[in-house]
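Let me begin by presenting the structure, written as structure tokens, before commenting on it.
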Amino acid sequence: MLTIDTTIEWLGKFNEKIQENKAYLSELDGPIGDGDHGANMARGMSETMKALEVSNFGNVSEIFKKVAMTLMSKVGGASGPLYGSAFLAMSKTAIETLDTSELIYAGLEAIQKRGKAQVGEKTMVDIWSAFLNDLQTDSASKDNLEKVVKASAGLLATKGRASYLGERSIGHIDPGTQSSAYLFETLLEVVA
């Protein structure tokens, strides 16, 4: 279960993972997007960490709300609104429960509502849904996350910028799926 300290630790680890993989995320985004997913996420998480360092929080909900507001205002493209919506929904859920499955469910619902995407459309919904299922069946692991990331390459994009490529979107890993994998890998490191 998340606490104030473990939540901040999780976000710090996620930031490190994003910074380390900034170029790779943008490389993934190049063929099927604007090529800026890594730069956008790195900037957003850097700003998020700055915001967390200068704030005092009474609960996990307040942390998630700060993350949401920062990502929505600092991350360009679709990633800011999608991740921001997820963290905002998680902040509302965290008022009632800190159950990891419930938090991820809230985030997934918000992403689906914002992006109007379903499972199988080569979006971050695929990995959020798979991770939620794994949490609910006590089978969440880094290996399972990596399988979902790799499987995204075989999907036809029907949402977002990648959908403009049609069949040419097949064969490319979805960058939002990869960045979400980093989010969940680092969560597992903290709550395991």
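Using the three backbone atoms N, Cα and C, a Cβ is placed for every residue, glycine included.
According to Swiss-Prot, the domain 'DhaL' annotation covers 5-189, on the basis of sequence analysis.
Per Swiss-Prot, Mg(2+) binding site is recorded for Asp29, Asp34, Asp36, and the stated evidence type is experimental evidence. For Asp36 (Mg(2+) binding site), other Cβ atoms within 10 Å of its Cβ number 19.
According to Swiss-Prot, the feature ADP binding site maps to His37, Gly38, Ala39, Asn40, Ala78, Ser79, Gly115, Met124, Arg161, Asp174, Pro175, Gly176. His37 (ADP binding site) carries a helical DSSP state (H, G or I).
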Exercise. Between Asp34 (Mg(2+) binding site) and Arg161 (ADP binding site), what C-alpha distance do you get in Å?
Worked result: 8
